[in-house]
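Asks: Questions regarding the structure given below will be posed in turn.
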Amino acid sequence: MIEASLLAKGAEKASQMPGECLEPLLQYMCSTAYPRVEDIAGVTNQFNVRFACASTCQKTIEKCAMLLSVFNMEAAIPNCNAPIPDSTEYASPTGIMYQPDGACNAVAALGVPGSSVSNMTAECDAPFVKDPLYPAGTANPSYCMYGCCLPCPAQYHLYREDALHTGFTITNYMRAVSMVLSFLLVMTYLVLDDKRSHPSALILFFAIGVFLFSAVIIFPLIDTKAIQCADLITPSTQRNNLKCAIQGAILVFASVATCAWCTALILNLHLHTVWNSAWFSKKYWLLHILCWGYASTITGVALGTGHIQWDFATLCLVSQDKASEIFFYPMAAMIFPAFLVHIATFFHIARISTMAGADSETMSRSTLSAGAAAAISHRRHVMMAIRIQWRAALMAVCAIVSVTFYWLFYFIQLRKINPTTLSKNIVLFVFCLKKGTPHNECADNLAPFLPPYGLMIAAEFVVSSIGAVIFIVFFKTALVREWGEKLSSLGYLLSGKRKQKKEQDQFFVI
């Protein structure tokens, strides 16, 4: 069944394999390589040949497939649905299928040392903990093997000691700062009188989305593991952890709503700058239906399909296997077309700016026709829009870049720590620790198979800082002055005095 070189390789690794795998593997190898020949009672020169059992083949796959893959011995993993390989030339088919129990070559237990349950579960080396359901079952097949489990959050233990804890603590505090600053922005647009009308109201609703997006950090700040883990071993899902379900739903809703209002900002900028239109000013009822309604629909789909769970960092989100379809694609359907519209607006502004310089020279030398005067008027309108709306444009670009960067990380890198891939990494980690290698050295050996630490922290930091970035973009000394005037007006109101009315600011000037 297995050629000499592969058998030698298997013998070399056998001493490292847990007895729970080694026992069925040797039974399978013996029963396949040496079919049992039995005399037929009362018949001369005729024999029955018993070939390998299908049940032995299945048990070998169940107990050894992952280990053989880790040792780069995938060729030794049997295919129970194919003919039995020939015993003299590896993988050469005999045409004979694996046989049912009672009519096959069942090899008795070989008594491999260390294969008993008591030996395997005697103790679990740190950071592993005992599997409470072993040997009858397992608490979680993705994180447990041979009676020992990597405690939740499992990925934290596969990096250098305390590396992820320290990194994500920093990103948590950054998101907390964003929450405070975005709340100040929301209050500014709610309280100051001239900020609640169009188009400043668009920034108000965008800021509300950013605040909700940042405010979910309250959950892990109170108790991080209460969000990440349902128990000592099992990661959180919406089914086993209500806190995870609530926090994940808020995060999905806020993310989609933020992108929706960002899209509305970009479209309004385009309409105002290119077409001199304030179409959105009387269509806020439609914007509320589309933006909040779309976010509610996506959140309902994520909850309805049961895909809210913890996979990464300190917050629950849509599961990796469905994140693109349920979460990222619906946001991309808004944000990328909006980005193209923004590019078109930018080129229009650039063209008008170039023409404005040429027209200023013409105006000093000749009298303008009516058509030329209208064109100059439009260009002045565009230049005014540039001076007034650059903050909104920069805000939209920041939001687009953040979403795109996080999506690319989620799509390309995070798959390296999905439960299937993580199981193989855990096996490598186990055998590294068994050799007496220090934890950090084992983590360094695993590094090529995991998302880069720096990139992981950077991706989380970028989205955690959105609230702070938006506040910085919109902050100016006029905010302090206007708040002072607002508080002063309250003082006049309480004292019964009257205050002169202040002229409203222009478009997006804060």
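Easy rule for this one: first residue shown is 1, then count along the chain.
Glycine residues also receive a Cβ, built from the backbone N, Cα and C atoms like all the rest.
Any TrEMBL annotation is an automated prediction that lacks curation.
Pasting the relevant annotations from TrEMBL:
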- 167-435: domain 'G-protein coupled receptors family 2 profile 2' (DOMAIN)
- 173-192: transmembrane segment (TRANSMEM)
- 201-222: transmembrane segment (TRANSMEM)
- 245-272: transmembrane segment (TRANSMEM)
- 284-306: transmembrane segment (TRANSMEM)
- 326-347: transmembrane segment (TRANSMEM)
- 388-412: transmembrane segment (TRANSMEM)
- 453-475: transmembrane segment (TRANSMEM)
Asks: Which listed range (173-192, 201-222, 284-306, 326-347, 453-475) shows the maximal number of Cβ pairs under 8 Å with respect to the transmembrane segment (245-272)?
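Replies: If we count Cβ pairs closer than 8 Å to the transmembrane segment (245-272), 201-222 scores highest.
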Asks: The domain 'G-protein coupled receptors family 2 profile 2' (167-435): mean pLDDT?
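Replies: That region's mean pLDDT is 83.
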Asks: So, does the transmembrane segment (201-222) come close enough to the transmembrane segment (453-475) to give 3+ Cβ pairs below 8 Å, pairs being at least 6 apart in sequence?
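Replies: Yes, since the transmembrane segment (453-475) and the transmembrane segment (201-222) share at least 3 Cβ pairs closer than 8 Å, they count as touching.
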